[in-house]
Amino acid sequence: MDKTSQLPDELLVKVLSFLPTKDAVRTSLLSMRWKSLWMWLPKLEYDFRHYSVSEGQGLARFITLSLLGHKAPAIESLSLKLRYGAIGSIKPEDIYLWVSLAVHDSNVRELSLKLCTFAERPTKLPKSLYKCKSIVILKLKDEILVDVPRKVCLPSLKTLFLGRVTYSDEDSLHRLLSNCPVLEDLVVERDRIDNLGKLSVVVKSLQRLTLKMSCPCHLDGIMMNTPSLKYLKVTDERQESDSDNESDSDSPRYFYDFEDMPKLEEADFVLTFQNIKKFFKFVTSIKRLSLCLGVYTEESLYHEGLVFNQLEQLKICSCDSDWSILLSRLLESSPNLRELEAYVIEDHPDRRVDLPNQWGNQLNCVPKCLLSSLETFKWSEMYGLLQNQMDVAKYILRNARCLKSATIFFPTTYAKETRDEMIEELSLSFQGPETCQVFFH
């Protein structure tokens, strides 16, 4: 008799829960005792994005039977990653049935759907999904139609991810969010024509919000009423022609309508349009800020009275030629800044052009934060061959009086001789405290 036969079923099910679902199912061939143990698994994951036609023929039946035969009192997590339509035998009706079974019979707590289809229309989900009392996490990705009924209530939903889905009408998203009374984390990604013009987020309980928009999605405007928000990330990489000339702040076709966000602590902006005043008006009280502005004009950010008194951490992307202008304005406006990092977003377009005299013309006097508060300075991928970047680095190393650590990374493509020359030049510029640790990589 093998030792596993002496273990209780509860322990064996726990062991199976660490395996991928397809491997857990294979254990049913071991013996009669193992035959149905996998049906007690609290988490089910089906990833069939890469299967042959012959494999796809029995796939729909297998998933249906496994959900019908599921024995656990509740499904903690159900994940479906499927590729169907032109090949295989999975149909939209199958998806509809599986979601219905998970919602009706299994009190699912986390549901994740990623559908890559060849169908003419996105897949419609059952109305019962939008009335599920047990679901806490809902993730919908790709070819899915968010068709929200008039009567909708998700009393337990705390996390919602909507990635590149299609909405049945203009009000679908607003109707959905308005009936999630405890929602805390929301992610909306858009990169297609999805029937959504105005992006309206009115959720009193929301604490984290991530919005990502890229071509060719259309957007008339953003309306936000999120008084409990602590973290905000907005990525808008559409071109101006895709945004209906949103740079015109008086344009009626594109607007921002933000209510106060008194609890906001952290913001992350990746923006490629000029009219960003509305964003900064509501983030002046944050503690952590990350910025990448693909199109920058002085009047778009800096105006009388803009001060970040509580800002302690600043990350700024150096991918654009005018980034140092933005940095100088922020240093002047952030008297209590403690951490500064310059970086480049991975896979981000490089728009840098060397403007050697740009930095020297920006600051009339040393910003207060350099004299009294900045403790950490980090620069990832510093292109020392660009004189503008060398000027910025030398200025900070020369004037940061309270610095505790400075770390600068050069591109790996630089020759050792080139790196050594840059390190020597930067080292000679350093006039910070003797206790400061300076690292070059």
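Each residue, glycine too, has its Cβ placed from N, Cα and C.
According to Swiss-Prot, the feature domain 'F-box' maps to 1-47.
The residues of the repeat 'LRR 1' (57-82), classed with DSSP into helix (H, G, I), strand (E, B) and coil, number 11 helix, 6 strand, 9 coil. The annotation repeat 'LRR 1' is assigned in Swiss-Prot to 57-82.
Helix, strand and coil content of the repeat 'LRR 2' (87-115), in residues and according to DSSP, is 13 helix, 6 strand, 10 coil. Summarising the annotation, Swiss-Prot assigns repeat 'LRR 2' to 87-115.
Annotated repeat 'LRR 3' per Swiss-Prot: 137-164, in sequence order. Residues 77, 109-117, 119, 121-125, 127, 129-131, 172-173, 175-177, 179-192, 194 of the same chain, all 6+ positions outside the repeat 'LRR 3' (137-164), place their C-beta atoms under 8 angstroms from a C-beta of that stretch.
Same-chain neighbours of the repeat 'LRR 4' (165-190): 122, 130, 140-148, 150, 152-159, 196-203, 205-214, 217, 219, counting only residues six or more beyond its ends whose CB sits under 8 Å from a CB of the stretch. According to Swiss-Prot, the feature repeat 'LRR 4' maps to 165-190.
Feature annotation from Swiss-Prot assigns repeat 'LRR 5' to 211-236. Nonlocal intrachain contacts for the repeat 'LRR 5' (211-236), taken as residues 6+ away from its ends with a CB within less than 8 angstroms of a stretch CB, comprise 187-194, 196-205, 242-244, 253-273, 279, 283.
The repeat 'LRR 6' annotation in Swiss-Prot covers 243-271.
Look at Swiss-Prot and you will find 293-318 tagged as repeat 'LRR 7'.
The repeat 'LRR 8' annotation in Swiss-Prot covers 319-344.
Taken from Swiss-Prot, the feature domain 'FBD' covers 358-410.
Counting same-chain residues at least six beyond the ends of the repeat 'LRR 2' (87-115), those with a Cβ under 8 angstroms from any Cβ of the stretch are 48-49, 51, 53, 55-57, 59-60, 63-64, 67-68, 70, 72-81, 123-126, 128-129, 132, 134-144, 156. Helix, strand and coil residue tallies for the repeat 'LRR 3' (137-164), in that order: 0 helix, 14 strand, 14 coil [DSSP].
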